[in-house]
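Asker: Supplied in structure tokens, the structure appears directly below.
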Amino acid sequence: MSTSNLFSTVPFGKNVLNHKIVLSPMTRFRADDNGVPLSYMKTFYAQRASVRGTLLVTDAVAICPRTKGFPNVPGIWHKDRIAAWKEVVDEVHSKGSFIWLQLWATGRAADLEALTSRGLKLGSSSEVPVAPGEPTPRALDEDEIQQYILDYVQGAKNAVHGAGFDGVEIHGANGFLIDQFLQSSCNRRTDQWGGSIENRSRFGLEITRGVVDAVGHDRVGMKLSPWSTFQGMGTMDDLVPQFEHFITCLREMDIAYLHLANSRWVEEEDPSIRTHPDFHNQTFVQMWGKKRPILLAGGYDPDSARRLVDQTYSDRNNVLVVFGRHYISNPDLPFRLRMGIALQKYNRDTFYIPCSGEGYVDYPFCKEYLDQADEAAVAG
């Protein structure tokens, strides 16, 4: 049995986690055509909640119809979607675990057909396409920006007060709408929403303030991916000062946690970027401090996760490790890591099959876990 600091308890929002292994938010296209979570989703999250005291973060969830930028992604508006999510939440809570919903708006990164089929258009911080040859979005006007802020707030209320989520994670990463305002590679505005570090930060910070006011500071997290070049991001000259300012403001709001993602594909495209002193987010981790949890994602496996918490950040108890692909194929992942049990391999071909349980809820638990099935849940 492992004695790694991965398996020490940590305060998190209004709860206490039994370990530091977190389910990553992952888009899997398992909602129906209207964005209502299918029953597969309840099974998926319940399986991964089976080790008591686990933290789960959901798929990216559209906050309103115009932010649903892809088919078969879930939403959190209207009573039918809220009710379906409540079933998921109740099942997770019955296992003794915790679940936070990720609030999402796609902006220029949306699938154009998914919008135009509903009479909607691409919108972003500026008229800058996600890549050369891709459709050019409209620059959102002042009224639209204010409405987006309200939509995030309502989405948070629907999640926490309606569906019973333990909190919400605001998706500010991976080139989606908040990132499109935050980074000058996309944001070319000259009004109060662009043109300076402070102005580019304004959209994400106003959203965060509104959500904090709506559901409480200890129910709000933020995900960022400073170094990701996915969807046209990560190429600005003042990247470190931009994110230093943004993270400082988040810290002052006393939100529950910060989630930082490193990008494996950035390293594959440009291995030299690894030599930048801030590439692995150490500067931002230090800025965040030791008071509140910080989630770190970036292709971790069991060995690198242990090194992260036991060596790199051995001086702090607030670093949690986010797993995606390995959690897909190992619903009992925390148990396997603690007991030193080999991981099952994942199948990429089944990651994104719409409306299907294949490769989603059909990975088995290990025999050692099942031998304890008479317990309500396995202690983390």
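Cβ coordinates are placed from backbone N, Cα and C, and glycine is handled just like the others.
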Asker: Of the residues A60, A62, only one is listed by Swiss-Prot in the FMN site with P25, M26, T27, Q102, H171, K223, G299, G324, R325. Which is it?
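Answerer: Answer, per Swiss-Prot (FMN site with P25, M26, T27, Q102, H171, K223, G299, G324, R325), from A60, A62: A60.
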Asker: I'd like to know which of the binding-site residues P25, T27, Q102, G324 sit within 10 A of Y352 (substrate binding site) at the Cα level.
Answerer: T27
Asker: When you measure from the Cβ of Q102 (FMN binding site), which residues in the chain that are at least 6 apart have a Cβ under 8 Å away?
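Answerer: Correct list: P25, V57, T58, D59, A60, V61, V168, E169, I170, H171, K223.
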Asker: Which one, from the binding-site residues P25, G324, has the smallest tally of other C-beta atoms lying within 10 Å of its C-beta?
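Answerer: Least crowded of the binding-site residues P25, G324, by Cβ count within 10 Å, is G324.
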Asker: Of these binding-site residues, T27, H171, N174, which scores lowest on Cβ atoms within 10 Å?
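Answerer: Comparing Cβ neighbour counts within 10 Å for the binding-site residues T27, H171, N174 gives T27.
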Asker: Look up Q102 (FMN binding site) in the DSSP assignment and report helix, strand or coil.
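Answerer: For Q102 (FMN binding site) - judged by DSSP and reduced to three states - the answer is strand.
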